[in-house]
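Chemist: Have a look at this one.
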């Protein structure tokens, strides 16, 4: 086994120059440094480790070092260089798996000052350097300090333009930290049997003897790095046209909103607490006031006649009277960009907030306001106006104006290369960023069809035929309920699973929760499974918190297997529990449940345990599913990539969107995805049959 790291002049999409590399070899216990002129020798050393059946360890290697070396070898040496996946270990992947609850464990380090605030909860190598006590400074910070001392101006990214010996020193230190991190990770007995020295085994032993989760996360990271490099073909022109349409509607709404809500006066500038006129008790709920020290009704007498009252004193033209408190105010014109203004006008129209920020302010967005209804038609029209404005503003932010807007992320190849963290959530679910492709509006939401249609295989033309590619969209059928049925099966002998596959599960749930409609039941069960609170559940039937609590209670009473499952989870996790001053005090047996692939899935609170179990099961099923689908497609002779037959473009929770060279290939992808899902169910002895649904078409609007 060898541990390595490279430094180059840019991120993957624009990298052109290898600066240096370092290798630590466990067989010799030596560090070897490679400078720019040693690039060929460095590649030779890596290939020699592969030839021995050994392992190469990088931090973030799957996403950067490995593809960067392939690119640079061709660019600088005209050499074909490809490291096989099975020979590569990524400590970033292992860190995210083994320390998925890093934010919980980092609090002590943060308080002690061992970990800087900017590194809190981070899996970056620099953060691990601080945690492990191996940090010798950060190259960028030291480079900027050196420039300051020399009186030179820093330009963003210039520390990577050219090789220097300080860079070489930091490169060595990065490998020191990666080695220390690797050894910490390998010491976790849950994932790596302690009787095996994993630094002294070949790749076959490493993958077969470590926990299954280790292999799954590495395969997923490798595949999703490939997906990110593929990118999602994007119709820039269509979204630019949509932006023009949205901006015009926004202008119209701004005018209407200003006309509707006009202006008002509000307190501003008071410095003293208002006190009760009789008792003198401060009244903090009232606006702050000011008490003038000068001023009156009349000015002071100027002459004898005025003093004797024979002649009136002049009127005091000053605005205030000494000792008479007043509330300073300002004139405010309604500003639709102000959340304070919006929530004020909404509450005046009869809206009652149900969700608040950490600072106590009402949360105001289009989702929160979705179900808001008041009796007064005029006030309802005002609320609807605000709702539409917020929705339009959100679409504009997503598509064009926001920091992470789609138009800002279209690469030169006409594709959006969204980033995926395959294990970003504590449950094992992936998270998405730059931009977040998991938040593209659905086709049923306003402007959703135009948004989804912009993401499509049709926007990629084949390099040989010039024809547009075809899109295959496949999603897991009813995954959440099937996961629930799997875990319930030991308590109901598979009755719930049978109802899902052969009956009408939503009608069954409707009866169990005593809900008025089947649609209510669908909304209820998914809210229930995703941990919705009593208030949210109550809103399903247009009621509040108490009704929501009652619905949950009835559902559990009438579905005893779910109650038994919840109780079983509680018994596994909780030693004892009591409520003190509205807070649950828990004595834990352990704070994790076992995932399908053996991993520890950390639980934040007892009431979230069932939701965590189900979300983790769904995430791991889909993760293994996308891995197996690609594997089966390659086994059938298809090549992954835009220069081949199919290309993964997006994986979002329980669906994959795949670009295909022809309709025939798209059909093969849809059929293979179903085969792969069935394989996953068999592999983990799932107690409810797993299925997929596939659609073929030109873009995401059709294939979702």
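Glycine residues also receive a Cβ, built from the backbone N, Cα and C atoms like all the rest.
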Chemist: Pick the one from 174, 188, 197 that Swiss-Prot also lists for the Mg(2+) 2 site with 5, 7.
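Modeler: Among the candidates, Swiss-Prot records only 174 at this Mg(2+) 2 site.
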Chemist: Given the binding-site residues 506, 518, 522, which one has the fewest other C-beta atoms within 10 angstroms of its C-beta?
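Modeler: If we count Cβ atoms within 10 Å for the binding-site residues 506, 518, 522, the smallest count is at 518.
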Chemist: Can you see whether DSSP assigns residue 475 (Mg(2+) 3 binding site) to helix, strand or coil?
Modeler: strand
Chemist: On the Cα atoms of 506, 518, 522, 526, which are listed as binding substrate, what is the maximum pairwise distance in Å?
Modeler: 13
Chemist: Between residue 5 (Mg(2+) 1 binding site) and residue 518 (substrate binding site), what C-alpha distance do you get in Å?
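Modeler: Each residue's Cα considered, residue 5 (Mg(2+) 1 binding site) and residue 518 (substrate binding site) end up 57 Å apart.
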Chemist: Excluding 5, 7, 174, please set out which residues of the same chain place their CB within 8 Å of the center of the CB atoms of the Mg(2+) 2 site, keeping sequence order.
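Modeler: Not counting the recorded site residues, we get 6, 20, 21, 22, 170, 171, 175.
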Chemist: Determine, to the nearest whole angstrom, how far the Cα atom of residue 518 (substrate binding site) is from the Cα atom of residue 174 (Mg(2+) 2 binding site).
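Modeler: Distance between the two Cα atoms comes out at 58 Å.
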Chemist: What's the CA to CA span in angstrom from residue 7 (Mg(2+) 2 binding site) over to residue 654 (Mg(2+) 3 binding site)?
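Modeler: For residue 7 (Mg(2+) 2 binding site) versus residue 654 (Mg(2+) 3 binding site), the Cα atoms are 36 Å apart.
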Chemist: As a test of reading the model: what is the averaged pLDDT for the region 'Polymerase' (202-704)?
Modeler: 92
